[in-house]
Amino acid sequence: MSTVVQNILLAEPRGFCAGVDRAIEIVERALTKFGAPIYVRHEIVHNTYVVDNLKAKGAIFIEDLDDVPEGATLVFSAHGVSRAVQKEAVARGFQIFDATCPLVTKVHVEVAKLAKEGYEFIMIGHKGHPEVEGTMGQLDDGIHLVEEVEDVARVTPRQTERLAVVTQTTLSVDDAAHIATAIKARFPTVREPKHQDICYATQNRQDAVKLMSSQVDIVIVVGSPTSSNSNRLAEVARKLGTPGYMVDSAEDLQEEWFDGFSRVGLTAGASAPEILVRQVVERIKALGAVSVRTMPGQPETVKFPLPKGLKLGSEDDETTN
Ligand code: 2E7
Ligand code: F3S
């Protein structure tokens, strides 16, 4: 079958969230203010383009604090760090800027507060993801990870009177709800977060893909393979029966994906820059698309303040703390 792409539908909201904007700005300001190199623990956000761009400006990305020289400036990634990493970085005397998304910090604070009241936790999340390591690492023990409904039966808390659920911020809203239901069925008195830990940006981007999926033949998600929230967007489309593919850049698009399809939906994960979306649009246009339309969605106005100590030039010290 030949390619008959005609329309591109752009999801809204898509791309950068407030936590990503802030995290990138922290690294850029640190580079401007203190000069290269600036060390960053883990990819500041899970996006190849963003990371390469910051590398070119003098950021050095490391996983192990042993790779940071004495006296260096160190930025923690948007995904957050464990207490152990935080303590070690402080003990080594680095100048630290914490780019942890404030919505992740909120989860860390809640975990610490409830732990003091004697709570144990069930965390819904993906094993090995840095956010999960950071949140689980807020306590020495007492956080049990579940990745899917089947894991709930295997949790062995020391007690069940004080159990609370916490989640990764970028989960599939629907999968997390199923797992939470299974947790509630096994532990009826479990304490659930007042407001879901899944963040506004994750929720809004998934809602937009759901809305879009019935109006298109294929969904393309701009996002790097390591990006949890981007993967979830492609999954949401596929679960609704619409083929969903992720691309790290326009070069990843494969012509055969579009065979026989005329309506292409396009979105981007919270760590994927708009410039990549524009490049993908141009490539799809080259396949024949003649119209590009934006599907209106939930407006986003969230903005997080920067940490102290990153003001530039004449900026007032009182306004960005
Ligand atoms: C931090 C947090 O960098 P990402 O692709 O991260 P995920 O968690 O989706 O792999 O996206 C931005 C971001 C999302 N959540 C950063 Cl905790
Ligand atoms: Fe924060 Fe959610 Fe973005 S947790 S970094 S606002 S995807």
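Positions of Cβ are set from backbone N, Cα and C atoms, glycine also.
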Same-site residue for (2E)-4-hydroxy-3-methylbut-2-enyl diphosphate (record: TrEMBL; known: His79, His129, Thr169, Ser227, Ser228, Asn229, Ser271; options: His46, His195): His46
Fewest-neighbour residue among binding-site residues, criterion Cβ within 10 Å, set His46, His79, His129: His129
Cα proximity to Cys199 ([4Fe-4S] cluster binding site), best match among binding-site residues His79, Ser228, Asn229, Ser271: Asn229
Nonlocal neighbours by CB distance (under 8 Å) for Ser227 ((2E)-4-hydroxy-3-methylbut-2-enyl diphosphate binding site), same chain, sequence gap 6 or more: Val45, His46, Asn47, Gly269, Ala270, Ser271, Ala272
Nearest-integer angstrom distance between the alpha carbons (Cα) of Glu131 (active site, proton donor) and His79 ((2E)-4-hydroxy-3-methylbut-2-enyl diphosphate binding site): 5
Sorted by sequence, non-His46, His79, His129, Thr169, Ser227, Ser228, Asn229, Ser271 residues with Cβ within 8 Å of centre, (2E)-4-hydroxy-3-methylbut-2-enyl diphosphate: Val45, Glu131, Thr170, Thr226, Ser230, Gly269, Ala270
